[in-house]
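Feature annotation from TrEMBL assigns active site, proton acceptor to Asp170. Sequence annotations record features per position, and here TrEMBL assigns S-adenosyl-L-methionine binding site to His18, His41, Ser106, Glu124, Asp149, Gly150, Asp170. The site 'Interaction with substrate rRNA' annotation in TrEMBL covers Tyr3.
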Amino acid sequence: MNYRHAYHAGNFADVVKHVVLTRLLEYLKQKDKAFRVIDTHAGIGRYDLSSTEAQKTGEWQGGIGRLVGANLDAKAATLLAPYLEAVRALNPDGGPDGGLKKYPGSPLIARHLLRKQDRLTAIELHPDDANRLKAVFASDFQARVIELDGWLALGAHLPPKEKRGLVLIDPPFEEAGEFDRLVDGLVKAHKRWPGGIYALWYPIKDRKAVIAFRKALKQTGIPKLLDIEFEIRPASSEPSLDGSGMLVVNPPFTLEGELRLLLPTLHRLLVVGRPADWSLRWLAGEAG
Ligand code: SAM
């Protein structure tokens, strides 16, 4: 387990992933009934953008750094507000044009959007990271941090007692076979809790692996699969993160329309080289 998210926190892929996360949570909040968020690969929750790791890559400057203070049309601004507010909540002294010092990871963003009836279960396998996250949520009765293998959590913690909510699966992709684990994990989880919303993050680096992943997803027979593809540059000759994807299972009916409004704006702000594009497609269900 060598992966350290501190090098990448706030990069373009985090931005897209966390914006999708906030739109899913905003939908869940439309009903009073309590929901649960299960974050199977949670990380440390709070990232210092002046750390040696963040400074070394500077990735956040090509991500959240391009959003803060950007000109947004009214509709995009409204849809991005929950995300940007979660970022600002961690940067109370930051000016509107930036001045970011910290970036919130998925558990902090989710926690920021919970109401008093909602709960967060954050799973993290790395002992140091799990301890840091435990410290972030110390004495917070709405958030529980568990040091555990996230893939096991998909069996042990589903369905949650609220029977409403979202599972974010955001593995590090540092070992071979992660795409297969993602498909297997989803199938197992979906059997235990077919009604849950699932959001799976994946890298667009090895295009053949992505095509095989999508094919395997279609073959699962899971009925509602919306796939988001977000490329920031054309395929590199050396393996590099040229884009990222998110697969949403059981997406709220609002999500596709919201993303069709948001993704062009995010793409305009985050693209690095062309041709590179975004796309939204149903692998199963709706149009599929
Ligand atoms: N979801 C976080 C966010 O958006 O802020 C980032 C997570 S990062 C991409 C992946 C995390 O998974 C790392 O913190 C890593 O230590 C952790 N990890 C690696 N293998 C794991 C496993 N089998 N179960 C749970 N966590 C794992």
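Sequential numbering from 1, following the chain as shown.
Positions of Cβ are set from backbone N, Cα and C atoms, glycine also.
Note: the CA-CA distance between Glu124 (S-adenosyl-L-methionine binding site) and Tyr3 (site 'Interaction with substrate rRNA') rounds to 12 Å. All protein chains shown were included, and the count of other CB atoms within 10 Å of the CB of Ser106 (S-adenosyl-L-methionine binding site) stands at 24. Shown are the recorded positions Glu124, Asp149, Asp170; of these, the residue with the fewest other Cβ atoms within 10 Å is Asp149. Contacts of Gly150 (S-adenosyl-L-methionine binding site) defined by a Cβ separation under 8 A and a same-chain sequence distance of 6+ are given as Thr40, His41, Ile123, Glu124, Leu125, Ile169, Pro171, in order along the sequence. Sequence-distant contacts of His18 (S-adenosyl-L-methionine binding site), defined by Cβ-Cβ distance under 8 angstroms and a gap of at least six in the same chain, are Tyr83, Ala86, Pro104, Ser106, Ile109. Least crowded of the recorded positions (Tyr3, His41), judged by neighbouring Cβ atoms within 10 Å of its own Cβ: Tyr3. Rounded to a whole value, the Cα-Cα separation of Asp149 (S-adenosyl-L-methionine binding site) and the residue listed as 'active site, proton acceptor' is 12 Å. The CA atom of the residue listed as 'active site, proton acceptor' is located 12 Å away from the CA atom of Tyr3 (site 'Interaction with substrate rRNA').
Glu124 (S-adenosyl-L-methionine binding site) falls within a strand when secondary structure is assigned with DSSP. The maximum pairwise C-alpha distance among His18, His41, Ser106, Glu124, Asp149, Gly150, Asp170, the residues recorded as binding S-adenosyl-L-methionine, is 22 Å. Asp170 (active site, proton acceptor) carries neither a helix nor a strand DSSP state and counts as coil.
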